[in-house]
Structure formats: C-alpha cells, structure tokens
Amino acid sequence: MNLLEASGVVKKYANHLALDHVDINIPENQITGLLGPNGAGKTTFIRIINHITMPDEGSILFKGRPIKSSDIYNIGYLPEERGLYKKMKVGEQAIYLARLKGLSKQDAYHKLKYWFEKFEIGAWWNKKVEELSKGMQQKVQFIVTVLHEPELLIFDEPFSGFDPINANLLKEEILNLKEKGATIIFSTHNMSSVEAVCDNICLVNKAKAILKGNIDDLKQQYKNNEVAIEFDGDINLFKEKLNGSYDIQDLGVKNRNHYATILLKEDKSINKLISLLLQDFKISGINEILPAMDEVFIKAVELSNKNQ
Amino acid sequence: MNKILLIINREYLSRVRKKSFIIMTLLSPLLFAGIISLVTYLNTQENTDDKVIAIEDYSGLYSTTFKSTEHIKYEYINSGDSLEKQQLLKEGFDALVVINEDLLQNKSAIQLYSESQVTINIIDNIKHQINSYLRDKKLASFQIEDLNEKIKEINNVNVNLQTIRFNEAGEEKQSSAAISIIIGIAAAFLLYMFLLLYGTQVMRGVIEEKTNRIVEVMISSVKPFQLMMGKIIGIGLVAITQFTLWIVLSLIAVFILQSFIFPSPEQVSQGIEISQSMQSAPDAADTAAQFNNIIGLITDTNIFGIIGLFVFYFIGGYLVYATLFAAVGSAVDNETDTQQFVTPIILPLILSIYVAMAAFNNPHGSVAFWFSIIPFTSPVVMMSRIPFDVPTWEIILSMGILTLSFIVLTWFAGKVYRTGILMYGKKSSYKEVWKWFIQSGK
C-alpha cells in the first residue's frame, strides 16, 4: 500500500519547468530513495509534499485522500540546507521547534531528554547553538525532525556533515524508525548510502521521474548477465569448454584459486554454466554480478538524456 | 498553543532577554535625564574664567558705576591721552571700555575693545550696569518724592499672561506653545526613532532566518505568513515594552527630581524670603517653581490622549514599515544587498521628520495636512501636529488611511516574503520581486 501517491505533478517557475508530469508512489513502511542530479526537481517535489509550494497541476494523495495542510503534523522534514538560531539555547530551541510541530511543552521536554541522551548531547542542553559543532547541530536537527513521531519522514542529505561513526549511528536510527513503522523518503546523491538503507528508489532527472522501483528489481533489470566464478582446475580446459557459447571477460588467479568473469549469452543461465563445468572443475564460488546503484543511476541518466 | 503565538513568544523573549536590550532600556532614561541635568548644569555655570575689564573714563562721570561681580572684575585705569589700547590688552586685561563724554548727551560715546570675541555675558553685564546707573540718574533728575517707594510699586507690576484656548466643546484650556512644541518634537522624534530602529530589526531578523537556512526548517511546520507576522508582532511588542518602560522610568525619574532636587513651592517659600532680602535673584526657587509649572502644564495638555494617539500611530506606522522591511529582508541574501531596497523605504521616513519640523511653524498648513494623511509620513507628521489641536476628522482620516495601508502592505509583503525566503543566490531586483509578487498570486 502506498502512503503517498503523486500523479501528474507539474510545477513551473518563471523560466523553467521544475517538475514535468511526475508520478511517484511512496510505499508504506519502506524507505524510498529520491535520487537525481542537482537541479533535477527533488527539492521542489519535497516542498510540494510539505505544502510549502503548490503544484500547478496534478494531485498528491496522502493515505489515499488529497493531502491537506494539517497533514504536515504527520510529516517530519529534514531539509538539505538547515540552520538553527545561533543565539538560542539548544534545549530551548528544540522545544520551540517541537511545539511548532504540535507537541506540548512537557511532551517535547521528555522526548527530547530521551533523544539527547541517546545521541550523547545531553550536556549541551543549556549551551548556545553557536557553541555546537556542525555535526552536533545536525544531530539536534535530526532529533527535532523525528521527535513528533510522524508517519512520513523526509530526509534530504541527512549524512552531510557527519563523520563516519555518527553517520553510522544515524543510519541505524533511520532503520530503527522504519522498524517502528515509519515511511521514509530519503533524498541523496550518495549512492552507497542508498544501497545500504533504501528499499525503493525514484530517479529524477530534468524534471522527470525516469526510473523507479524496488532496488533489487532495478538491479535485475540493469544487470549485464555477468557471472563471477572461482574454481580449481586446468585453465586451458576451462577456456576450451566455454568456447563459443560463453564470453570470458576476465581470467586470473586469486588466493590459489582461478577466477573468471563470464558474460552469459541470451539463452544461457547460471545453472547451465554450472552443469557444464561441474564434472571437470572444483567450483568454490559462483555468483551473479549485479550492477552497483551508481551504475544504474548513470546508465539511466545517460539513456534519458539520449532520448530527449 | 497557536503557532503564531509561539513565534511571537520566541521573537519577543529572545530580544527582551538580551543584555543589550535590558541595558538600553534601563540606562536610556537615566542617560536622558543625565544629559538634561548636564545641559542645565552647564547653563547655570557661567564661564568660570574670571575676566578683567579695564575702564578708561575720560568724562569722569562714572568712576563708581561699574561694580565687579563674581567673575567680572572692573578696574579703572587712568592713562590720560597716551592710551595704548592694544598694549593694555596684552598686559592682562581681557577687554577695555572707553567712555569719552557724558552718555546722557551722547549715547554712542562708549566703546568696548578686545582682541578676542567678548562673551555675551560680559557685554550684557556692562550694558546692564551702565544703563541702570543712567536710568537711576535720570529718575533722580526729576526730583520725585518718595522715589524709592514708587519704584518698588512699579516693579511689582508684572502681568502673568495666561494663554487660554477654546476647544471645540467651548471649554477653556490653559496651554503653552512651548510645551506643545516640545511634546510634538519629542513624540515625532521618538516615533521616527522607533520606526527606524525596530523596522530594521525586523529586516535583520528575516535575513538571519534566511541566510542561516532556519527558514527551511521552520517552513515545514508553519506558514510563511505566520512566520512573518509572528516576527513583526513579536518585535513590535518589544518596542512597546521598551516604550512603556521608558515612560514609567521617566515618570519615576521626574518624581525623584521633583521631590529631592527641585522641591515644591511651599518647601522653598522660606528660602525665597531669605534670598529676597539678599537682593539676589531667587534662582533655585524660580527653577523649582518653573519645573513644577511645566509638569503641571504637561499634565494639562491632555497627555494621555497624546500617548494614546502615539501608541496608535506607532502601531500603524510600525506595521507599514515593518512589513516593507520584512519583504526587503526576504528578497536579499545578506545585509549588504539591502541598500537598493532600503533607501526608498527610509526616504519617506526622513522626509517626514523634516516636514514635522516645518509643521511646528505652521501646523495647519497644507504641507503639514497632506503629509499627515499620506500613510508613509503620517505617523511622524501627525504626532508633531497633535499638540496643536488637529481637527478630529483629519485624525480619523489619517488613521483610516494608515490602517488601510498596512492591510494592503501586509498582503503585498506576505506574497513577496513567501517566495523570497526560499530564493537563494539570485540577484534580486525590483523586477524580480515584482515577479514573485505576481507569481505567488496564483
């Protein structure tokens, strides 16, 4: 089931088209990566969801009905460019932002205490924001975003400004939130983080959603039918056996084993390859090579640029 | 709690709790009182440098006329014809008075020589001494009986002119033009200062939120209009707080001055008798009486009506300017870019203070009238006219137009603000801002 369904969304600015009939579905309780080069229209789309700007055409359905402005209580948005009042105290500011999201003062206070302890910034409660490092400010902003336990969370480049340790902490928390039932939109350029956390992606390029779906499905779709194999046996015999029906891309020795990358032709499958080799070779490992997400990403963008 | 109330609350508290605000609010009335006291003090302190004036009296008639005062010493010299005027001045005399003949015959037979400009005090003193001597001499020449008694009677004739105006209801009102002008000037300047000070604070607040990208975080939980109005109202309340505290503190300061430094007439009456017997002017008692008189006049000048109008014009003028400043803040990326937008906003404000000054001379002229109707100048100009009894219909018209203007301007600024706060890196121009206005109309 989809928590959010955008269909035919168009947004024009004075001199350019920011979104061109975009359809995006955000499945419930999953993490959807919103990807795309700079200026592709990601932020515009997120702002439309957040009721900051209105689409010129198209509709956004939230839980199956048109989204309304009170739904923002059910959305937590961590913008890419984010700041805090420098002169304000950390705790006070966190309470302020939480109350703007509809929490009561006491509620906000107790929840914030919990999260501040969890992120090990409790000691900074009474410090001014300007005394905090950038990473700590990011933590505060993350906390404020998730504090009111919204059903939909939108993170725009959540890892920027974090060291690897804290980035990992954050990743764990994001997965945790999903576990607890949250639906998450995750906008980023960082492909490795996409593969680590996302279930689905939607690739936006030049105002259009050009690629969307489950990550595993997409990898299948964009794979080259390559197989990596490790084996023990005579190399010449190996070449001879495969000659004609298989394409050997790479061949070498690793860890006293031979390894090879093989491109399967149309009618071949991994099973056929295994049965061909099983008699004469000791196979220690075989697996399908799936493309990394950035390969998929680049291919899709190139393809769509070519089509235009 | 309502979101806009939360925003107002934050904007208000974050400013009121600032050290600079507390210090400014507490110290300003003291500073103000201090400056007034200093000026008063300096005025009462005559030049403490003692001056020595040489007198060469060729007529021989005035050898006892000039009596040295505390700071002015008169010395008679007798150099005969060989008077070297410049030489004399170099020898330690500050000035030289030469009398050639009987002054009752020739009024111009007296000259004052000096190297540097002689102060008015000295000139007055010389004139006063010689004039009163001549007057007495002239009076004596009439040979009137009981002269001293009669002079005393004459001196007791001193009319106390009371200016009384009729207001529309036909009641008599005592007034003082000087007090009206002072109240007008004070109100106009205070308003000008508050509008400029707090208007630019709104702008700075908006720029802070924009450049620090706070607005990106805020905008998902509140509407841009709420954010803008919350800020404007919050800062406006800070201004009202400051104004109220200033009034209260000033009243306390006046009360203290009244009871300790300038005692009331009853308390000084004994002092007056003593000083009168000493024939010196009863300065202290005079000042005290005058001071109390001024306080009395201020309270008579319908001060609460004026404060009420001041508050209205402050709120109206503040909303007009603050919304414009907020729009400017949203249109730029940093404070250095504000110049091109701020100048046309500040110009009418500066103009209004000039018109207000002119309005003191002609409070019911057409310039004063029109500028107190135009919304951008009306707050300051009208405040300067108020003490001169402006017709009620003019006040109502001016207030109405001001109210209408801030509604229209808030609507306009809200639209520009909505687009502006999320625009970065674009060099904003008037054309661009107009486009935002049109666009957000959709």
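Heads up, residue numbers simply count up from 1 along the chain you see.
Including glycine, each Cβ sits where the backbone N, Cα and C put it.
In TrEMBL, annotation is done automatically, which means it is predicted and not curated.
Taken verbatim from TrEMBL:
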- B:137-164: coiled coil (COILED)
- B:19-413: domain 'ABC-2 type transporter transmembrane' (DOMAIN)
- B:21-42: transmembrane segment (TRANSMEM)
- B:177-198: transmembrane segment (TRANSMEM)
- B:232-257: transmembrane segment (TRANSMEM)
- B:303-329: transmembrane segment (TRANSMEM)
- B:341-361: transmembrane segment (TRANSMEM)
- B:395-414: transmembrane segment (TRANSMEM)
Next item on the list: Answer yes if the transmembrane segment (B:395-414) and the transmembrane segment (B:303-329) have at least three CB pairs under 8 Å among residue pairs 6 or more apart in sequence, and no otherwise.
Entry: yes
Check: Does the chain bring the transmembrane segment (B:21-42) near the transmembrane segment (B:303-329), so that three or more CB pairs sit under 8 Å (pairs 6 or more apart in sequence)?
Finding: no
Margin query: Tell me whether the transmembrane segment (B:341-361) sits in contact with the transmembrane segment (B:177-198), defined here as at least 3 Cβ pairs under 8 Å among residues 6 or more apart in sequence.
Written below: yes
Checklist line | For the transmembrane segment (B:232-257), sequence-distant contacts whose Cβ falls under 8 Å of one of its Cβ atoms, 6 or more beyond its ends | finding: 4, 7-12, 15-16, 21, 24-26, 28-30, 32-33, 190, 194, 197-198, 201-202, 205, 291, 295, 307, 311, 314-315, 318-319, 322-323, 326
